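Feature annotations, courtesy of TrEMBL:
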{"type": "BINDING", "residues": "T115, D189, E214, K244, D248", "note": "substrate binding site"}
{"type": "BINDING", "residues": "G280, E281, V282, G283, K284, G285, E301, N404", "note": "NAD(+) binding site"}
{"type": "COMPBIAS", "residues": "24-43", "note": "compositional bias 'Low complexity'"}
{"type": "DOMAIN", "residues": "249-410", "note": "domain 'S-adenosyl-L-homocysteine hydrolase NAD binding'"}
{"type": "REGION", "residues": "1-63", "note": "region 'Disordered'"}
Amino acid sequence: QIQFADDMQEFTKFPTKTGRRSLSRSISQSSTDSYSSAASYTDSSDDEVSPREKQQTNSKGSSNFCVKNIKQAEFGRREIEIAEQDMSALISLRKRAQGEKPLAGAKIVGCTHITAQTAVLIETLCALGAQCRWSACNIYSTQNEVAAALAEAGVAVFAWKGESEDDFWWCIDRCVNMDGWQANMILDDGGDLTHWVYKKYPNVFKKIRGIVEESVTGVHRLYQLSKAGKLCVPAMNVNDSVTKQKFDNLYCCRESILDGLKRTTDVMFGGKQVVVCGYGEVGKGCCAALKALGAIVYITEIDPICALQACMDGFRVVKLNEVIRQVDVVITCTGNKNVVTREHLDRMKNSCIVCNMGHSNTEIDVTSLRTPELTWERVRSQVDHVIWPDGKRVVLLAEGRLLNLSCSTVPTFVLSITATTQALALIELYNAPEGRYKQDVYLLPKKMDEYVASLHLPSFDAHLTELTDDQAKYLGLNKNGPFKPNYYRY
């Protein structure tokens, strides 16, 4: 059963101190997942006046946006231009399709991480003919200067770094609820936008032509709706496309896990004992990086296939209770809830580092630490020491939210792959003839997955071998692909 908040009081029921964001945990599984870029010039504490209380206009006189400071647009434009240099595939798609305008007439409402890289995606969608209104999919996700640059360029963006939970839902509502403008496409990351429209604007939801979702959490919600017979529009599951799974999940996390941990803790990994909860694509990437630096890595798993893979890769598969007293670092990447409980936290050694690499902020039971006997000490941005009465302290990163872009950055090239996949999925759903997609959740067609990969090969000066007619006939393939059946596991 999917639960929704019926009114905004649900999100403000805990009192807050002046100038501080509420410590209450969101009912949403993804609204408070942290995904902010450490590269941002601006911090949420720069100005205590809420953007909602400001009257701002861009150089064209438009006020159809809400960002931290529109004057930061020039800095944001530089960030976007830098990102474009490593997103050549998306720029190539923009140039190839710009004349055709395949998204002409599309009115896309989006809720993703607003960074320089996603700004390149948003501007590509606009170049292909779409009208876009955008909000951030979690409260720490936004680079303020990038949001300002988008607003200056005419995109209706409602987002700033350090939103309260009330602000988060207000921004989503402003994107959806506008007189004379009705969305016909949704691009979502985490499912909050989709479910807000489903709950609050059912008539709009019924007229949506397609939904594109890129996260495990959001896809799970879509399958719940579909199973309950409540999904009345076709949806594209981008998360399980090969290009998203392998590159955004595995290769991206292999690099960004170390970046996030190093920036926040300055920890040396050689000889450290680390337990990684979950050995899916994210877990595999994290473990490969940690092992390469000399860490002793343990794995927890519920799936015997993933567990066997971990064993064959040289890792010891254990139950968390078996190693919790001795490990130096605990990393969650399961997509589940209450993977690390208060009981586990109580048993951890002094100075144990605890962090999450999964999309959802439910994996570590942070709420159980909001008790009078424990002291919270903020030592760095996104780094808290939680101190027990006996003096033991646990180092909690990003309050249990997504580590890599809460505390560092991810490679632009990887985000180019994901963004290109999202753009193609939107084009496919918007232009599909009636009847091709029913009211269900679909995987990205294999041909599109291969096309996304092919767009990125020139960056490596890679040259594909072409099948001869005889070879293609022997294998029963089209010379131009797809080259693998849908059931193939890469």
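From the backbone N, Cα and C atoms, a Cβ is placed for every residue, glycine too.
Note that the structure is a prediction, hence the values are computed from the model and not measured.
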Distance from D248 (substrate binding site) back to G285 (NAD(+) binding site), taken between C-alpha atoms, in Å: 10
Integer Å distance between the CA atoms belonging to E214 (substrate binding site) and E301 (NAD(+) binding site): 23
Closest of G280, V282, G283, K284, N404 to T115 (substrate binding site), Cα positions, binding-site residues only: N404
For K244 (substrate binding site), the one of G280, E281, G283, N404 that lies nearest, given that the binding-site residues are compared by Cα: E281
V282 (NAD(+) binding site) to D248 (substrate binding site) - Cα separation in whole Å: 9
Distant-in-sequence Cβ neighbours of G280 (NAD(+) binding site), under 8 Å, six or more positions away: N249, C306, C333, T334, G335
Using Cα positions only, nearest of the binding-site residues to E281 (NAD(+) binding site) (D189, E214, D248): D248
Listed binding-site residues (G283, G285), ranked by Cβ neighbours within 10 Å, top entry: G283
Cα-nearest neighbour of D189 (substrate binding site) within the listed binding-site residues, G283, K284, N404: N404
